[in-house]
Amino acid sequence: MANIVNEATPLLSSDFKNLEHHKNVSSSLECQIPVIRETSPSHDKSATELNNKAEEKFKLWALSHRKKMVVFSLVLSNFLVGCCFSLLAPFYPQEAEKKDVSNLVTGFIFSSFELTIFVSSPVFGNFMTRIGPRFMLIAGLLTAGSCAVLFGTLDRCPPGTPFIIISFACRCVEALGFSAFITSGFAIISSEFPKNVGTVFALLETADGIGLMVGPALGGALYELGGYGLGFYVLGGLTLATGGIMIFLLPETQDAHQERKGKVLTLLKSPFIWFSVFSIAVASLGIMFLDPTFSKHLKQFDLSPALIGLIFVITPGLYGLTSPFWGYISDTKNMNGRLIFLGNLMCGISYLLIGPSPYLPFIPEKLWVIIVGLVILGTFISLCMVPTLNCLLQGAVELGFENNLDTYGIISGLFNSAFCLGSFTGPMVGGVLIDYIGFNYGATAVSGIHFFAAIACCFFFITRHLKQHARLDISEDILPSSSIPQT
């Protein structure tokens, strides 16, 4: 993971040439500048280790056999998890309607998934080292696969309340499995690839994105072929089989069992952490805003269901394609703040086109304009999330957290919780906005949220930059002149 600690100001381009003066001062002065040191010696050691690795590039073919197995296992399982998550969308609402379940309750059943992950992810992250990331990941995968298989039996359930209760139970337990799997997966990649967190995380997001695209299509085909349960049996069975294979395939994380020292609440003392969490939540809210509303908006163009399906694939498809590139940039360039700013700015522009915004009457309400907006959204939405994992890790290190699996677990839980907060509120916000002000104004409101996030990003990183320069100026003032070597 590049530049987690070395990133002095991600938004502004500064060379800090005034630091050369300190390099020329005798090393004996180090003990006289306590104002610069804000963390423990273990933090300094962690920072040094991270900086030494910062310039190394990620090459998949050059990895050791052990690390290749880790990447392969996580990519495969993320693909299957994405398939299982999106499997319900094409036909579960129809089955629920047959069982006398209202659209409102069906929406709550879907939303309970994100709500469960939002609550459980910090808990799993906080106890990562006590449980063990490998055990947590495999157990989560097996739990998710089992619940997917159980979902396939719901067509035999009595209608009404029994169907609703069992649906909620299966969905919430499945979400617990997903939460354990995703949280431990993020922690494992942070531990195994500390210099390439953004790159490997983007690979997993690509696999998950492909799964989200394939899931509905595959589920619909299996539904036509064998009825309601076949898709759940096939994908749930594959997930269970993958979990069993990973018992033998996935190696144990090297520092899996450590004394737990960090706490989630401690992280919330950092403005850097709060900003990163806000950016993640805004990005996921924007994505999920389109889910319950966009298909109705497209009806005005008299499109076939197949064409509407293709339009829905544009954003997740481009997200999957561009995430590895942005992850590589995040890991190798000292510009995470600028990436987050650019992502929110472009996403704000994209929603102005998707609406299109009634405040911009010169933008025609044409299908090609909406598609351009979706292309921009899919290309830049990962910038609002991929760099934030590095920012969360940097914020933790600045608070004195050690660069170890315990910290990675806590960060992973916080990331998942923030993402699911946006995923949970996005459809509800979308529904309310569409009912009261319409899709055009609703998309404009989401655009405004992204623009606000971009402005907040500017303000935060500029303020951070000025504070760091102020510390350097103070350190120069407290240096006694007698301690400077005479020439």
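Any Cβ shown, glycine's included, is placed from N, Cα and C.
For 69-92, 104-124, 131-151, 163-188, 200-218, 230-250, 271-290, 306-327, 339-361, 367-393, 405-429, 441-462, the entry in TrEMBL reads transmembrane segment. What TrEMBL records for 70-471 is domain 'Major facilitator superfamily (MFS) profile'.
Take the transmembrane segment (163-188) and the stretches 104-124, 131-151, 200-218, 339-361, 367-393: counting Cβ pairs under 8 Å, 131-151 has the most. Counting Cβ pairs closer than 8 Å to the transmembrane segment (69-92), the top stretch among 131-151, 271-290, 306-327, 405-429, 441-462 is 131-151. When Cβ-Cβ distances under 8 Å to the transmembrane segment (200-218) are tallied for each of 131-151, 367-393, 405-429, the top count falls to 367-393. When each of 306-327, 339-361, 405-429, 441-462 is checked for Cβ pairs under 8 Å to the transmembrane segment (104-124), 405-429 comes out on top. Across the residues of the domain 'Major facilitator superfamily (MFS) profile' (70-471), the predicted structure has a mean pLDDT of 84. Between the transmembrane segment (441-462) and the stretches 271-290, 339-361, 405-429, Cβ pairs under 8 Å are most numerous for 339-361. Below 8 angstroms of C-beta separation, residues 198-203, 205-206, 209-210, 212-213, 216-217, 287, 290, 294-295, 298, 339, 370-371, 374-375, 377-383, 386-387 of the same chain, each at least six residues beyond the ends of the transmembrane segment (306-327), sit close to that stretch.
Counting same-chain residues at least six beyond the ends of the transmembrane segment (339-361), those with a Cβ under 8 angstroms from any Cβ of the stretch are 10-11, 279, 282-283, 286, 290, 326, 329-330, 369-370, 372-374, 376-377, 379-384, 386-388, 391, 439-444, 446-451, 453-454, 457-458, 461.
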